[in-house]
Amino acid sequence: MYVIKRDGRKEPVQFDKITSRITRLSYGLDPNRIDAVKVTQRIISGVYSGVTTVELDNLAAETCAYMTTVHPDYATLAARIAISNLHKQTTKQFSKVIEDLHDWINPATGKHAPMISDEIYNIVMENKDTLNSAIVYDRDFQYTYFGFKTLERSYLLRLNGEVAERPQHLVMRVALGIHGSDIESVLKTYNLMSLRYFTHASPTLFNAGTPHPQMSSCFLIAMKDDSIEGIYDTLKECAMISKTAGGVGLHINNIRSTGSYIAGTNGTSNGLIPMIRVFNNTARYVDQGGNKRPGAFALFLEPWHADIFDFVDIRKTHGKEEIRARDLFPALWIPDLFMKRVQEDGPWTLFSPSAAPGLDDVWGDEFEELYTRYEREGRGKTIKAQKLWYAILQAQTETGTPFMVYKDACNRKTNQQNLGTIKSSNLCCEIVEYSSPDETAVCNLASIALPAFVEVSEDGKTASYNFERLHEIAKVITHNLNRVIDRNYYPVPEARNSNMKHRPIALGVQGLADTYMMLRLPFESEEAQTLNKQIFETIYHATLEASCELAQKEGKYSTFEGSPASKGILQFDMWNAKPFGMWDWETLRKDIVKHGLRNSLTMAPMPTASTSQILGYNECFEPVTSNMYSRRVLSGEFQVVNPYLLRDLVDLGIWDDSMKQYLITQNGSIQGLPNVPQELKELYKTVWEISQKTIINMAADRAIYIDQSHSLNLFLQAPSMGKITSMHFYGWKKGLKTGMYYLRTQAASAAIQFTIDQEVADQAATHIASVSELDRPVYVPKGTKFSEQKAASALTESSDNEKDASPVPSEQSSVSSAMSNVKLEDSVAPAVPTETIKEDSDEKKCDIYNEKVIACTAPTPEACESCSG
């Protein structure tokens, strides 16, 4: 057999040469776990005569990726082989790569089609020696295999279909796209991003430095008018934004309902659904930048709208096709009054906005007053509130939607109160900003890699968390996101108008679960809950401090006066809570009142679905969904085991093929293994094994530092009306803005596992550990310089105030009393209202407290999202 070299020469396949290359790339890995000869044997078995060296490297990388379930170091080795292969195929010098991308001629048209803007090209040419020498290519080898494949698939720029960028080139391009000719800031951003302290959001990675640098992730659009002109102007705006990789949140409360009178034609309206289907087809047609990812719109509607029942069902897999829009995401913008009526089993009146104008323009007491006046005037149709609630829960169990966002909490606890009523969130329900027909709200995102701040002592005995460094990095990101506002390409003028006036930004996080596992803190532990508060207090303080410093240099944002912050009111003040005590808030508060802020909003933890894959961490602030899962790449599907768990089981001496097969049969859970220490069972609980009450409590703990909102998913193995009702009401009473992004449920029935030998899997429970305990660093809590100076008094005061300032009402409603002492996944529901329901038979079926697991209503359950997991 022979291999074809990159220069076209033929050379015999040499076993020793492959082994030598594998060994060379295994530096720093565990020599007792990495078997270069075994890897080479597997590679040779897949080689054919005439294979190219590129194909050989790809085969080697895939072979190591498949062996990740043997030891986590194989994942590192797979990445090194793949990245080494890319380095051989690409130009090393950054300035030359930029030149090639800028000078590209499209072979199909023969025309100049630059992928890099003239501005960035000129900056690189003027500073090429500095920039070329600053790049550290060894940092490419820190990516995981699947992180690198994610970059390769969607993020690295290509020439003639072939990848032209290296990961370090991308990072430098992003830094230049943000900071332009400010080379000092460019190098600072490059170094921190390449060292994996943080990442900017996908649109920034896609588009920074290109001729149309649309770097914003989120756009909140107002339906311009209830007319053909207004609807289609809005549709065009959505298409223009989606074309440049923006996600869309659109509120449609002002569109009249089915059967409403149309004066212009003397006819009646077809209602929301036919219009929604037009938006659905636009989302399908306009992908985000050449199939990098599909277009995505979320539609927000308040539950008083007369078409609400059809709206919540638009993603169902069954029913008439003409009333479905499965590529859109329905979301509810819920006033407190609706939740009260459901809780009381009271009436709820549905209106057409043409008959009951202005309901979406007011919130709180003003909304209640206007809504009840319209009810008294008989302008709508009255139903039981629980009938609508039942329909919402039924849709959520089948499709995971509609999303739940609480209108009054969003408007009551925002620094944009002085702008007007906020009417929607964004696609992922973490951005909460004011929008109007002439202002499309925009937000630029970045996420901090929380595991980067875990520090282990030199002797390996203790581990701690570096809050000072976290604070420092969060300030750098704030400066970056603020600069994106000025350097961004805006696809529509309404977006530029809004962003330049209010200048909101959004910092998020990724890898909170990884951080807990590195520090050996179970997700439900008190230490983990304390660290959760400390991390988010630190980031919030850093963003405000940086924004205040920017205001002193560049001026406050134009609508600062009249905002809560201008009066010294910060996010935790709006919750009637006091901060944990890590930082000096009083000095910062005075500085903000005196100098202002450069940005109206700064915090919004987002899902980080793609970027967390790049850095190799768990998404945002969520627990792990499984300790074993599949990763799909173009070449196939790979099994991946939680690397922290895998390392522990390997070191205990109980990891082998039977343990792997056991994990597959148990959907990644280790709770049923008698030979695994209880300490590990607690540490590696999946989200399905963690109390949802804990998830919501931790969300509320961090929410007092989040001036927008955060994308909170809820998880239930066996959803029932009672459980979902309990979760929603608990979150609402805790004061959350986003009550639920997706409802995640497990498959109703497990797929037949043809590849599993059950006898082999059963052997996993019989293994005996070779060591009695693992040698792992012990977490030592640390504060900041400020908190250490005032440790005793600050922590005691914080603890007392948090108890006093709990946003949960003290009165015991049927819902809150049931929630006080139970886990949300337990089969204990709020009490059924005592009054007799004197309605028609349809109303009697709507038992929102039923504990029976909800059965799928789809005629073909295999097509249902919930049933298929």
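Counting begins at 1 with the first residue displayed.
Using the three backbone atoms N, Cα and C, a Cβ is placed for every residue, glycine included.
A quick note: this is a predicted structure, and the numbers were derived from the prediction, not measured.
Look at Swiss-Prot and you will find N426 (among others) tagged as active site, proton acceptor, backed by similarity to another entry. Taken residue by residue with DSSP, N426 (active site, proton acceptor) is part of neither helix nor strand, so it is coil.
Neighbours of C428 (active site, cysteine radical intermediate), defined as other CB atoms within 10 A of its CB across all chains, total 29. The annotation active site, cysteine radical intermediate is assigned in Swiss-Prot to C428.
Summarising the annotation, Swiss-Prot assigns active site, proton acceptor to E430 (among others) and lists similarity to another entry as the type of evidence. Cβ neighbours within 10 Å of E430 (active site, proton acceptor), excluding its own Cβ and spanning all shown chains: 28.
Swiss-Prot lists 806-820 with the feature compositional bias 'Low complexity'.
DSSP assigns K387 (ubiquitin cross-link) to a helical segment in the three-state reduction. Per Swiss-Prot, the feature ubiquitin cross-link maps to K387.
In the three-state DSSP scheme, C218 (disulfide bond) is classed as strand. For C218-C443, the entry in Swiss-Prot reads disulfide bond, with the evidence type similarity to another entry.
Summarising the annotation, Swiss-Prot assigns region 'Disordered' to 793-843.
Residues or ranges marked as site 'Important for hydrogen atom transfer' by Swiss-Prot: C218 (among others). The local packing around C218 (disulfide bond), expressed as other Cβ atoms within 10 Å of its Cβ over all shown chains, amounts to 28.
Residues near C443 (disulfide bond) in space but far in sequence (CB under 8 A, at least 6 apart, same chain), listed by position: S216, S217, C218, N426, I431, E433, P504, I505, A506, L601, A604, Q708. Under DSSP, C443 (disulfide bond) is assigned to a strand (E or B) in the three-state scheme. If you look up Swiss-Prot, you'll see C443 (among others) marked as site 'Important for hydrogen atom transfer'.
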Rounded Cα-Cα span from K387 (ubiquitin cross-link) to C428 (active site, cysteine radical intermediate), Å: 27
Rounded inter-Cα distance in Å - E430 (active site, proton acceptor), K387 (ubiquitin cross-link): 28
K387 (ubiquitin cross-link) CB neighbourhood, other CB atoms within 10 A: 17
Other CB atoms within 10 A, centred on N426 (active site, proton acceptor): 33
